[in-house]
Amino acid sequence: MAGLMLLSLMALLGLGAGAPLCLSRQLRMQGDYVLGGLFPLGTAEDTGLSDRTQPNATVCTRFSSLGLLWALAMKMAVEEVNNRSTLLPGLRLGYDLFDTCSEPVVAMKPSLMFMAKAGSCDIAAYCNYTQYQPRVLAVIGPHSSELALITGKFFSFFLMPQVSYGASTDRLSNRETFPSFFRTVSSDRVQAVAMVELLQELGWNWVAAVGSDDEYGRQGLSLFSSLANARGICIAHEGLVPLPHTSSLRLGTVQGLLHQVNQSSVQVVVLFSSTRAARTLFSYSIHCRLSPKVWVASEAWLTSDLVMTLPGMAEVGTVLGFLQQGAPIPEFPSYVQTCLALAADPAFCASLDAEQPGLEEHVVGPRCPQCDHVTLEAMSAGLLHHQTFAAYAAVYGVAQALHNTLLCNASGCPPREPVRPWQLLENMYNLTFRVRGLALQFDARGNVNMDYDLKLWVWRDLKPELRTVGAFNGRLKVWHSQMSWHTPGNQRPVSQCSRQCGEGQVRRVKGFHSCCYDCVDCKAGTYQRSPDDLLCTQCDQNQWSPDRSTRCFPRRLTFLAWGQPAVLVLLILLALALGLVLVALGLFIRHRDSPLVQASGGPRACFGLACLGLVCLSVLLFPGQPGPASCLAQQPLLHLPLTGCLSTLFLQAAQIFVGSELPSSWADQLRRCLQGPWAWLLVLLALLAEAALCAWYLVAFPPEVVTDWWVLPTQVLVHCRMRSWISFGLLHAINAMLAFLCFLGTFLVQSRPGRYNGARGLTFAMLAYFITWISFVPLFANVHVAYQPTVQMAAILLCALGILATFHLPKCYLLLQQLELNNPEFFLGDDARGQGSSGSGGKET
């Protein structure tokens, strides 16, 4: 500890006195295998590349303390490898570190020097470089994606392993273009995925996306935009921020971009930018007084002092972003202090000059003249920078690959001819190595999968501190209780174009953005499958749903059930009708020899009553679950008994018409045809004709059992479907004709005084028939299909009750209450006298 304090004091005193250091001469060390290094030790404030007419040198005027710290991290790692007895025993790694000035024209010079033949400054031209031995075995760096895209293609031609500690563009994962490129940072794709998941977690789907106008910003912005669109996040505005050294005309576009963002409802801005472009954007936003926003930062500028120390940054809003995790290097600050202290020691500097003659500075220029005037205070702010570990780990990755290539063990590395870069490259693929207890592995595309911390800027005095508020390791975790916002009451900002739709609603997009929409209710039979649906999903045919539903329910099988109230009422009506039929039939049988029964047709009247009872019983075919047999039997078992009933009534009406309207000579002849066997023959013919119609109906247009999924909102209806209205009407044709003839034969008949008016009963019976079935047709055609069987049952029973009430029940009343009228003169009249004189008796035979 005392020695460390002494070294620190020496460094402070030496640097404070303004004495030049020899730190730049510590950027090179000889070894059995040398690693090249490309670091942004300085930057050029005004490169003037557009005015460059000769391939001369570019002067780096501004010093970058972070670049120097990353270079020292590589230097420290090489020295640790050399001091370890297990990784490369008996061998010594060297390093050769150069400044890139963050410019391609500067980075290409040391890149060419790395590929020069060992021991010279020349690159020889060969048809085959298999046996070629360049100055370095592998290259660490560069830091930026823009430089890595250039140097990566160059080194890939020679299959020179290159491990970057900061280039994150996803284009570098292309193995066909960059077969020798590796990196100890994750691809921008991982960071973009984390950003999109963060927006989803916090409910922000209406954002602005801005990137720097360089490879890092353009590629990152493109990745983020495609991933955001795939996740339903809409980008209201998208733009690029020019780099500071571009023309003032292009820099003026920043104001227009900020104006668009300020005029919109966007409360969240994703800034995928390099440090210098981010500083430019915030300088303009502070000047233009942009309303505070949430800024989702990319890793490149999240921890940048250049941005953090910008005056007015505390007023821009909330800043949060993802920072790659890494293992701590607690010895690194003291190592930096040691390097600075040694650089101020003249004896140490003299020893470097003796050990490293011929630095070839006449070829590449001074390595880092600004490094010889650095202060410890200037470097202290970046001592704990997160990317220091990435530069440190890159050395260990190359060392482990060399260990595997040389087949080293605990006792040493077997002697062999020098390893060439392409041989080392073979052992870099899918390499697993450990750094500070952390296991790392290059995947098939040269990337390492690193976890991220979600960091939030929390302002303390003039500079923000980084608070960890979450993590991303393939899945996002956010610690909401640790979040703090710029809004009043520390409420989470809302950045949505439209409100979230409720349950059972889908989005109807307005314009070009899927996040701007109206909420539309899902109608019955459809449902909302997910909150992001644009269309309601139709339920399956065996399912149903109410309005604004989020699921479908199974349909219940339904039909005209026995227990339904309407069916129970009709069954009571059926019992009444059957009871009346049985009472009337019993009275007619009991009084079968009476004039009343004989005048009504005798046995034919009983037959007609029995058929009327069968008509009533036919309604029992309609309730219950329909089947093929019940569907086929419904109409024939209704119409055949009805034909039998109406045919007997037709004979009764014909007798009344003949006896009342025709001359006696004709009446006697026709009366004999309407009685006895001839009458039964007419009944049989009518039944046969109706049976033929029923047979044709069943063959040509058979009713079918139908499972109808859509006629009821929540149930599936099973019913018998009539296939033709014409065939249904023809089934009624014979019965309608018999009823019409009955009505026609009795309507105009004048009853004789002192005789029973049978014509009136038949007239009203036929009126009941026609009123029932004429009313049935429009009602049946327009009623819901679920109620059609009920309507037909009601029509059948009303028709039967109408005939009973108007024709049969009055006669039953006479048989029960007015027996004195049950005489031949009242019912038979002249027929009774004629039968009495002929001695034929009063009974029909």
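A Cβ is built for glycine as well, from the same backbone N, Cα and C atoms used for every other residue.
Per Swiss-Prot, these features apply:
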{"type": "CARBOHYD", "residues": "Asn128", "note": "N-linked glycosylation site"}
{"type": "CARBOHYD", "residues": "Asn262", "note": "N-linked glycosylation site"}
{"type": "SIGNAL", "residues": "1-18", "note": "signal peptide"}
{"type": "TOPO_DOM", "residues": "19-568", "note": "topological domain 'Extracellular'"}
{"type": "TOPO_DOM", "residues": "590-601", "note": "topological domain 'Cytoplasmic'"}
{"type": "TOPO_DOM", "residues": "623-637", "note": "topological domain 'Extracellular'"}
{"type": "TOPO_DOM", "residues": "659-680", "note": "topological domain 'Cytoplasmic'"}
{"type": "TOPO_DOM", "residues": "702-727", "note": "topological domain 'Extracellular'"}
{"type": "TOPO_DOM", "residues": "749-760", "note": "topological domain 'Cytoplasmic'"}
{"type": "TOPO_DOM", "residues": "782-789", "note": "topological domain 'Extracellular'"}
{"type": "TOPO_DOM", "residues": "811-845", "note": "topological domain 'Cytoplasmic'"}
{"type": "TRANSMEM", "residues": "569-589", "note": "transmembrane segment"}
{"type": "TRANSMEM", "residues": "602-622", "note": "transmembrane segment"}
{"type": "TRANSMEM", "residues": "638-658", "note": "transmembrane segment"}
{"type": "TRANSMEM", "residues": "681-701", "note": "transmembrane segment"}
{"type": "TRANSMEM", "residues": "728-748", "note": "transmembrane segment"}
{"type": "TRANSMEM", "residues": "761-781", "note": "transmembrane segment"}
{"type": "TRANSMEM", "residues": "790-810", "note": "transmembrane segment"}
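Taking the Cα atom of each, Asn262 (N-linked glycosylation site) and Asn128 (N-linked glycosylation site) are about 59 angstrom apart. In this chain, the transmembrane segment (681-701) lies out of contact with the transmembrane segment (790-810); the count of Cβ pairs under 8 Å, excluding pairs fewer than 6 apart in sequence, is fewer than 3.
Averaged across the topological domain 'Extracellular' (702-727), pLDDT for the predicted model comes to 90. Per DSSP, the topological domain 'Extracellular' (782-789) is made up of 6 helix, 0 strand, 2 coil. Beyond the transmembrane segment (569-589), the same-chain residues lying 6 or more positions past its ends with a Cβ under 8 Å from any Cβ of the stretch are 562, 597, 600, 605-606, 609-610, 612-613, 616-617, 619-620, 790, 793-794, 797, 800-801, 804, 808-809, 811-812, 815-816. Residues in the topological domain 'Extracellular' (702-727) partition by DSSP class (helix H, G, I; strand E, B; coil) as 3 helix, 12 strand, 11 coil.
Assigned with DSSP, the residues of the topological domain 'Extracellular' (623-637) fall into helix, strand and coil as follows: 10 helix, 0 strand, 5 coil. DSSP assigns Asn128 (N-linked glycosylation site) to coil in the three-state reduction, placing it in neither a helix nor a strand.
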